[in-house]
Ligand code: TYD
Ligand code: MG
């Protein structure tokens, strides 16, 4: 019998510690370390004995290997994020908060593929077969020939998968519920999650079947986060959204077979997840364009333009240190924009609280939102309403200059498609210097070269407005 040993593993990052401690040195998480018993030596005896290695054939980069045909799920928002379909033999991890809709998305994908004639196996470790069936029935998918199992032992699952026709896709929902005989820790611990994932990944590579692992991300660290398997899998997709909004965003965080900046947008409806082909229209659907402090940002997510509303509220503070609250954007970028407004444009916000919100719960990752944020801030501070038919984009540098951003034409075209007639954007290569693109610019562009230009335009409008009010009064 193998020797047993105890080790203390951080359930969030997987770091091994010699003894229990309250805080993990590696990732800084509190109360995340748990004791786990492992077989001290799980390496096969033949490997330990210093055997003579077998010769491996080395190959050249230029060799021909057949391009694995991707399996198109038929849900285009999912296919695009995966890089144009799912690669056979690859392993995808879909992470997300509990209840966000991972199981719903995957049962819909499974049903689509199964109806197209592929062999699809859906293993649920969380729900009973009856529950999965009930959900499928509610979604109108019960006719699809998906093969279901409620099982948590990885050895049993792999043995079952190896029988019969090779499946095109295996869904494991979720990896945290899986356990293997080879390790002794409780299901859900780092060791179990990692070992189970390893066995499933080995199966995927050997059999050439695509495997999708579902992973819950919890903030309290009670269940092993899927972070420990992120480096083992081929692609990591995160499914985001919040309870207050109906739409969900699928984002690629890592992808060995495709780009990582694409997003897929879905809407949670009574009939499951519906694809949103035009996310801008969804994000702008409840616009409040008559109030100061809102600006529409023409953004890009991968190859797709997305228009969202940025809302700012600038109010005199009652605290010693003013508040800076940001939802949906990088707080350090907000600090930078505020600092540039103060240093280069003379706008003092030190005695004001600043609240910034990206409407609809969307999260912006691009620096191109700087100009739109600045416009919303100035609008809120001055009380001047921005023109409702205008969009904003551009990156602000520390000198106060506004820099060009990629895909200016695509942003402008999307804005024009949604009925916007003007854009405040950098006087950029993308639009002006590149003559062909400039000719294509589908709406009027107010070219700006510095943040001061925006301040001047909005402030001029603001003072006109207040003088109008004075006359009325
Ligand atoms: P689920 O896929 O079970 O989430 P996860 O697997 O990520 O934990 O989704 C559960 C939520 O989705 C639940 O709160 C109800 C909602 N939902 C709908 O709104 N409509 C539907 O058609 C379905 C199936 C679920
Ligand atoms: Mg689920």
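Using the three backbone atoms N, Cα and C, a Cβ is placed for every residue, glycine included.
Among the ranges 249-253, 254-258, 259-263, 264-268, the stretch that TrEMBL annotates as motif 'RadA KNRFG motif' is 254-258. Tertiary neighbourhood of the motif 'RadA KNRFG motif' (254-258): same-chain residues 81-84, 87, 90, 230, 233-236, selected by CB-CB distance under 8 Å and a gap of 6+ residues from either end. Mean pLDDT of the predicted structure over the region 'Lon-protease-like' (353-473): 81. For residue 97 (ATP binding site), the Cβ neighbour count at a 10 Å cut-off comes to 17, with all displayed protein chains included. There are 24 other Cβ atoms within 10 Å of the Cβ belonging to residue 102 (ATP binding site). For ligand 2, the neighbouring binding-site residues among 99, 100, 101, 103 are 103, by Cβ distance under 6 Å.
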